[in-house]
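Participant: Sharing a structure, written as structure tokens. Questions coming.
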Amino acid sequence: MDPSDFPSPFDPLTLPEKPLAGDLPVDMEFGEDLLESQTAPTRGWAPPGPSPSSGALDLLDTPAGLEKDPGVLDGATELLGLGGLLYKAPSPPEVDHGPEGTLAWDAGDQTLEPGPGGQTPEVVPPDPGAGANSCSPEGLLEPLAPDSPITLQSPHIEEEETTSIATARRGSPGQEEELPQGQPQSPNAPPSPSVGETLGDGINSSQTKPGGSSPPAHPSLPGDGLTAKASEKPPERKRSERVRRAEPPKPEVVDSTESIPVSDEDSDAMVDDPNDEDFVPFRPRRSPRMSLRSSVSQRAGRSAVGTKMTCAHCRTPLQKGQTAYQRKGLPQLFCSSSCLTTFSKKPSGKKTCTFCKKEIWNTKDSVVAQTGSGGSFHEFCTSVCLSLYEAQQQRPIPQSGDPADATRCSICQKTGEVLHEVSNGSVVHRLCSDSCFSKFRANKGLKTNCCDQCGAYIYTKTGSPGPELLFHEGQQKRFCNTTCLGAYKKKNTRVYPCVWCKTLCKNFEMLSHVDRNGKTSLFCSLCCTTSYKVKQAGLTGPPRPCSFCRRSLSDPCYYNKVDRTVYQFCSPSCWTKFQRTSPEGGIHLSCHYCHSLFSGKPEVLDWQDQVFQFCCRDCCEDFKRLRGVVSQCEHCRQEKLLHEKLRFSGVEKSFCSEGCVLLYKQDFTKKLGLCCITCTYCSQTCQRGVTEQLDGSTWDFCSEDCKSKYLLWYCKAARCHACKRQGKLLETIHWRGQIRHFCNQQCLLRFYSQQNQPNLDTQSGPESLLNSQSPESKPQTPSQTKVENSNTVRTPEENGNLGKIPVKTRSAPTAPTPPPPPPPATPRKNKAAMCKPLMQNRGVSCKVEMKSKGSQTEEWKPQVIVLPIPVPIFVPVPMHLYCQKVPVPFSMPIPVPVPMFLPTTLESTDKIVETIEELKVKIPSNPLEADILAMAEMIAEAEELDKASSDLCDLVSNQSAEGLLEDCDLFGPARDDVLAMAVKMANVLDEPGQDLEADFPKNPLDINPSVDFLFDCGLVGPEDVSTEQDLPRTMRKGQKRLVLSESCSRDSMSSQPSCTGLNYSYGVNAWKCWVQSKYANGETSKGDELRFGPKPMRIKEDILACSAAELNYGLAQFVREITRPNGERYEPDSIYYLCLGIQQYLLENNRMVNIFTDLYYLTFVQELNKSLSTWQPTLLPNNTVFSRVEEEHLWECKQLGVYSPFVLLNTLMFFNTKFFGLQTAEEHMQLSFTNVVRQSRKCTTPRGTTKVVSIRYYAPVRQRKGRDTGPGKRKREDEAPILEQRENRMNPLRCPVKFYEFYLSKCPESLRTRNDVFYLQPERSCIAESPLWYSVIPMDRSMLESMLNRILAVREIYEELGRPGEEDLD
């Protein structure tokens, strides 16, 4: 739909935006009976009637118009006098109050009101029992008879205010429509409409039955002397067109037929306020506390239909005898206690008065009463509004004479005010609301100009900016304002990687490119887009240095193509800098989309008075999509991307595709017939103007101008628009509606390159051409304009577009006045007069010549450092020898390097050089390797010094080795790294007969001599180092020897190797030996060979060459059959150590698998679990537990951490076992999200108050009862240590609190309050970037037992359990 399809008087912009005061209540629909108000002459409503069409709408200017159409003002009307202005207030329509058409009786007024039939029915006396309440409000408000002595006093109007006349139209304050010229204005006509008023604004005719008569008019204000005759029926006005009450009367007399428009603000301000001075209480007010019974009896007396009581919440009718519920102090009734409770919990929104529609600010003065035909409760701001609303509801509405005149909505079939008129084909649909308008568009499948965010209709105003456009997902989106555009972008923003450089960007900040296959790709910049296009074209070639900085290319590299030459760049900055300079000589243009340089004929786009140049058609199409180059196609009338602009009969038209161009040409040719031609010169399709015969061919032209210009070009007499030379012009282009000719492509490129920098001295560039006016575009004089406007003729096509363009007069093109003929030339015989001088213009084009010069930014010469060499000399200083108080020199020893020259011979010099060379060979360049070699030499020398003792304590006691130990700093912070490097240097994978249990025995005295120095260095454990660090700083100096001697004086069996690192060579060599021994005797028997399905499986010696299935079944067989070189069976912890080594070997060789958690290795995991389930830790004589598996081994082979959901679960179970002491699956299954909580507290330390974060576990009550039995149980429960895991501030990567918080973030939020689950099964298809890693299904018992058996084989588990509980810091 387009706004131009609406008739001018029913433009959607001119309709009211909000309901007027006294219109439909908020909770009442169109289907209910609506009663008008007759309380005061200051109010009037227009009954809903059929909205007139633009053609049938006439403005009633004079009473003569009323005589021609007397039915316009038929019906019961009422003349209201306000300030000297007389206008008609229409009577409300009738309401059927029964078959007899009863009348309302008023004791204060003897006037009878006729019923629907036009006859006066029988008078019904009032009910004497009603008391004061029996006085009906109608009587005081009915029109008075001419002979009635009772008159109504008009409200007082202040004199110092002025009358303001405005319109009450919706949302169109800026629109204005002028009256046609030449139409005289009647002296009795209404004043000129204000801005925003259109013809027919607010004029509705209400017709009644022919038999109805109109009551006489009330007199005007006293002193005016203006009375209206009963026969004169002024045109009715809506309630929204009243005059403001507080306005003084106009001095002049205004005819009663004048239309007085009143603004919406005036109508809102005219509600009666009891605080005003001129307020008159027209009738006694009914108390809002009136009982329901008296209220029902009064309404029953007025209407034959009884009122039904309904529930205030669910609107269910209450039956007679049913129990009703009511809250104290509130009048609402409810059918059940649930409705009462639900209604009370409703949020209290902004309440508005049912009558005046104003917000109720003071709830104390508000009145809630059950009134109206439906018997529902309504809230009013004051009792005055309640009385006025009851009077409005009690007055009968006369029925319209013709029910077909009522305007009904085409969607909901309700009668009411028309908000939209839609012309679909030949049918005009009238719609009452925006929701019906939306349903109509959805039912008809119409694509109207609506906002894609909020769905509101976008009204196109003249001179106002159009809608906000956005090209998204291949569609053009429209938005009514920038707020909706921002909300749409925020809602649909996604982050995508650039196809070329993989940079993450937001989709609305990226550039889209559609390839030949229709696939859309997103890029972060034009550099990446151009590089992708060059790569797709297959023009990259071999890698070369960067075309700008000559550096080697990095990945990814960037490309650009200029004149069949592909340039390569190392970075986007080089790509951009290269575009600023021309790679070669000649003229190059820059593409407006990809900013690449090219020297071919450009693709040109003329859009919004700007001309854009592109290197190819693809860039032009991408630019259209990016910038939203959208126009309405002249053929299909749809807004799509602009394809081409063509001229038809001098008018430029836009098209969306080539098919629409051909179809429009076909229709245009049929319309013009045989006279339709295509101009040979300007190529426009128009009517034949001139025909010319050239070389036996017939050429058609649209005008003489085109013919003359074509003949100049054909005869080679035209000049080039670039170099101004005559001759053969090969290039022709269309430039802003004109034809330009050029000598060759070089001149054409020069013309395009100077479009933004024209040289006005030598040639007329594009900008200068715009400044030069053609003879047709000269401004006309006012006299010519006036004459031409009187003869203006509009075509039907122009009349159809009046809604789209501003309303203004268009003058028909007239032929310019021919100039006077020049005087005849005087004939001359002089031959010199026949000579024509040859004029030539020389154009000077300045071009900046770019030079490149290399500069060195890095230092390439070695920096010369001046090293001062101090030489001691004796300088005599005179002194006073302490006889006077003068500064005395003070000697301070300063270490100064002084070169010493020792005398030597030639033989000793040669030996010194040889010694230096030997030291260079022995000492490696890596200092870490040098420390290891020094350590090995130190141990070797120690063994030679003392053959009897191999203990490290004897070595330390030796004074010669003490200095070497201190220099190596074996016991410093880098001790662990040095030992790990030493172990890895000793890893020899091809070493035969490597025995793990022989190298790592339970008894430290049986250490293998090949690795004994490694374990000797481990005699001082981390506990001893921590004890040393806890000592004061003054005592630590020189304590290294003391601590070492104390540790050596202990029993040699009190310690075992610690933190030796995982050596994967044991596992790999054991695998090779097992495979070799398995296939040593040839092929194995069929019963012993491994099978994967029907095919036999042969295990390979190289673990990396094995597939997942081979590794699974091979490891399972390896766990069952592996033995030591001496034939004995490995212990379970040793087998676990070998498997951890195999896992580390796979990871270090980029085989990213986890043989302990992946589902492919389930058979191996089950077999390993069988082996570990029977293992029990060995207790050494010093009451320590021995195990070859350490915690550090699990961190090295990535069995602890956050590498996968299973690894994270294994880490949590490891910490819970280590710190909580949970050693069975039942104890782990008692964990839940409610009894494992994160807490933070403040504790006091010698350094001050710090915040400590920990994880606490509150064991269930039944577990405590099972452990604590007998007397004193309560005391033991209170004194039981709290199980907690404290944060690791020294190493946050191994902090239990961090792992627990990360686990909670990956669990479903709905399970964080469960008290029966803690370990959850991971999702089957989840990646590291997934927001959730775990499902709602808990881990089964078998999987927990398998993980727990592997954890219980770690030595640190039992060391932590053997430590005494630390005191709580609370």
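We count from 1, first residue shown onward.
Glycine residues also receive a Cβ, built from the backbone N, Cα and C atoms like all the rest.
Predicted, not measured: the structure shown is a model, and the values here were computed from it.
Feature annotation from Swiss-Prot assigns compositional bias 'Low complexity' to 1-12, 52-61. Under the heading compositional bias 'Basic and acidic residues', Swiss-Prot lists 230-253. Residues or ranges marked as compositional bias 'Pro residues' by Swiss-Prot: 815-826. The SUMO2 cross-link annotation in Swiss-Prot covers K308, K320, K328, K778, K786, K804, K847, K861, K920, K1275, and the record cites a large-scale study or a structure entry as its basis. Positions annotated as region 'Disordered' by Swiss-Prot: 1-72, 90-301, 759-830.
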Participant: Can you tell which of the recorded sites (K861, K920) has the fewest other C-beta atoms within 10 angstroms of its C-beta?
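Facilitator: Fewest other Cβ atoms within 10 Å, among the recorded sites K861, K920, is found for K861.
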Participant: With every protein chain in view, how many other Cβ atoms are within 10 Å of the Cβ of K328 (SUMO2 cross-link)?
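Facilitator: Its Cβ shell of radius 10 Å holds 4 other Cβ atoms.
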Participant: Measuring C-alpha to C-alpha, could you say which of the recorded sites K308, K320, K328 are within 10 Å of K847 (SUMO2 cross-link)?
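Facilitator: Those close enough: none at all.
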Participant: Measure from the CA atom of K308 (SUMO2 cross-link) to the CA atom of K320 (SUMO2 cross-link) and give the result in Å, rounded to a whole number.
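Facilitator: Pair distance, Cα basis, whole Å: 10 Å.
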Participant: Where K861 (SUMO2 cross-link) and K328 (SUMO2 cross-link) are concerned, what is their Cα separation in Å, rounded?
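Facilitator: Computed Cα spacing between K861 (SUMO2 cross-link) and K328 (SUMO2 cross-link) is 99 Å.
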Participant: If you count Cβ atoms within 10 Å of the Cβ of K308 (SUMO2 cross-link), leaving out that atom itself, what do you get?
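Facilitator: Step by step: centre on the Cβ of K308 (SUMO2 cross-link), count other Cβ atoms within 10 Å, giving 11.
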Participant: Over all shown protein chains, what is the count of other CB atoms within 10 A of the CB belonging to K320 (SUMO2 cross-link)?
Facilitator: 5
Participant: Run through the Cβ atoms and count how many others sit within 10 Å of the one on K847 (SUMO2 cross-link).
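Facilitator: The Cβ of K847 (SUMO2 cross-link) has 8 Cβ neighbours within 10 Å.
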Participant: Reduced to three states, what secondary structure does DSSP give K320 (SUMO2 cross-link)?
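Facilitator: SS state of K320 (SUMO2 cross-link) = coil.
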Participant: Hey, how far is K308 (SUMO2 cross-link) from K328 (SUMO2 cross-link), Cα to Cα, in Å?
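Facilitator: About 22 Å separate the Cα atoms of these two residues.
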Participant: Can you tell me the CA-to-CA distance separating K328 (SUMO2 cross-link) and K920 (SUMO2 cross-link), as a whole number of Å?
Facilitator: 104
Participant: Can you tell me whether DSSP puts K308 (SUMO2 cross-link) in helix, strand or coil?
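Facilitator: Reduced to three states, the DSSP call for K308 (SUMO2 cross-link) is coil.
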